[in-house]
Every structure is written in C-alpha cells, then in structure tokens.
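For reference, the structure is listed below as structure tokens.
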C-alpha cells in the first residue's frame, strides 16, 4: 500500500513513552527474568523496526513475532537477539528458521516428523530451536495431553542434530480479568505438564503483559511483553490500576482540508444519514476507513482547537466530515487520537465506541497513514 506522504494525516509514535513502558517493567522483574518485546503486526501498528530499536535500548533481550516473515525482517535489519515466532510455521520452512537461528513453536509430534526430512536435507544447519507450546486452557495451539507431550520430547531427543528444546510456554486466556479462577487452573495445568519434561529448557515463559503486570509471581525466566509496551492497559479498564503509569505511545492527527457552511436539511455523506439541523459549519478530514478509521465511528468525535467535534454522516473510504462550532480554515489541526488543549481522546475511547478493543484499533491503522517518531530515543 502506498504511504500518504503528501497528505496531512500522520500516526505519531512517542519513542520516549515506549522506553518508559519497557524500562519500568524491566526494573520490576527478578534478576533472572528476561523481557522479550512483542513486535508482531508491525509492533501493533507502531512500526516493528522503530519499536525494536527502542526496546533494545530499554533493556529487552529478545523479540517475539507472530509469523516467520516478521522474524526474517528483524534478521534482515541486523537484529541478532533471540527471536521467537509465536504462531505455527508450516514445517517446510523449518530450515529457513534454523539457518537464521529463529525459534519456532511446536504443538505436535506430527509437525516434528514433517520437519525432520527438511532439516536432514541440510545437515550443515544448526539444530532448529523449538519452544514446546502447552495448551492449558487458551484452546489455540499446544499440547494438552501428557502422553502427546512425552512422545514429542522423545522424538526431539532422538534427533539432536535437527532439534533442540529451547523453551516451553503457555498463554493465559484471562490474565487481564479481575476473576483469577480460570487463570489459576491454567497455572496448575502448566506446572503439571512442565514437570513431565526430563529437564527445564533455557526459557520457561507464561507471561504476556497482563500476567507480568498483575501476576508477576507466575513469571518464569522470560516474559513476552506486548501491548503494555505501547502504553495500553491490557484489560482496557477492567483492571484500571497498573504497577506504574503506562504512557500511550500513539496519536493520530490530521488537518481540515475543507470547511463550508450548510443549512437546515442539507445532507452529509453517503445515504444522507445526517442532515443539518440549522446553519452549521462542516469540516472535511482526509482520513477514512481505508486508513483503518472504522465506518462505525459515525457519531463519535475528534478534537479541533481543544473542542469535541462530532463525526457526521457516514465515514467514507478516504474522508469524513465533522460538525464544527465555527468556521475554521483549511489546515486547522484535527486530533483523532491524542490531546488538544485540555481534552484527550484515547485509543480506548475509540475502541469502546467501536465495540472492540484498543489493540484492534491500533493494528487497523493501515500503512497508508505515514508514521513519524516524536521524542526520539538514540
């Protein structure tokens, strides 16, 4: 997708906020516990390489991504730190990961059996580093049964030139919820399955941001620190208090491209779902649903000159309209996410109106919106 460099619409990334959010968590960790920065999905829309650079400066010792392509992107950018792919990678690509010392998750002996000939075909490669995924209640990937796990471990031990168990992990489904009943059940199952291993691997990890923030006693010797890097509370506002203040890193700003006066009954946008109630000033903002500004945000608001201005009419692919308190010239600043005067719109505000989570809003902001760092970290 083409980046809109010649359009007044910018995602601003505060690098100092990212540094703060990581450094404060690193300071809370036990000495033996490492922090891997989760930079999947282009670092939740913040820019993978930008965040990786700041995370490394802040004390992160490794990275987690979702797909092999993201891991290769880090290697191409000369990041030599450990990189763990969190999603299942097709077995035919096992040799690519091994060649780049990229760690992969394993959820079945079948995957190991399929990857074996791929790795045997290139005997010069180092053993593939694998992390055994344990499904303790997330229901996504991982071993659930004792015997299945034992069989996989035995297979790995029988092929030491092709595989090495570097880690074991699980993922909690409710770490961000006030009720920890299910969370504790998952902890118990994880401990049971880990105790089946002949020895503990280098990395034993269970903690995402929510787990590390609110259940730090469960941290193994590595945490997968994700959404909190970006200053977003993993729970939304279900658990409003965090051990230290999280600083939001992302803001979204634009400008008016056009302003006009309309009169009572005049229609705005597709379907004419909004008609002016009287003489009104309508401004046009050059962002639309093709940029990830969701169509269902009609009726929400943005900030102009420190004032809330309602989004009127349907949001178009590339533009939307707002009702202004007075006439403003083209070029007037518009804040979609962030501060203007004494007012602020957060990603969580946008998410609540959209009936979703702030993770999704951040990830939905498309590459067409140019990204720009503020408060850069050397």
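Backbone N, Cα and C define each Cβ position, glycine as well.
Swiss-Prot annotations:
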- 40: active site, proton acceptor (ACT_SITE)
- 270: active site, proton acceptor (ACT_SITE)
- 140, 317: substrate binding site (BINDING)
- 40: N6-(pyridoxal phosphate)lysine (MOD_RES)
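Structural mapping of features recorded in Swiss-Prot.
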residue : record                       : Cβ contacts under 8 Å, 6 or more apart
40      : active site, proton acceptor : 64, 65, 66, 67, 70, 86, 226
140     : substrate binding site       : 171
270     : active site, proton acceptor : 313, 314, 316
317     : substrate binding site       : 288, 289, 290
- residue 40 (active site, proton acceptor) falls, by three-state DSSP, under helix
- Query: In DSSP terms, helix, strand or coil for residue 270 (active site, proton acceptor)?
  - Reply: helix
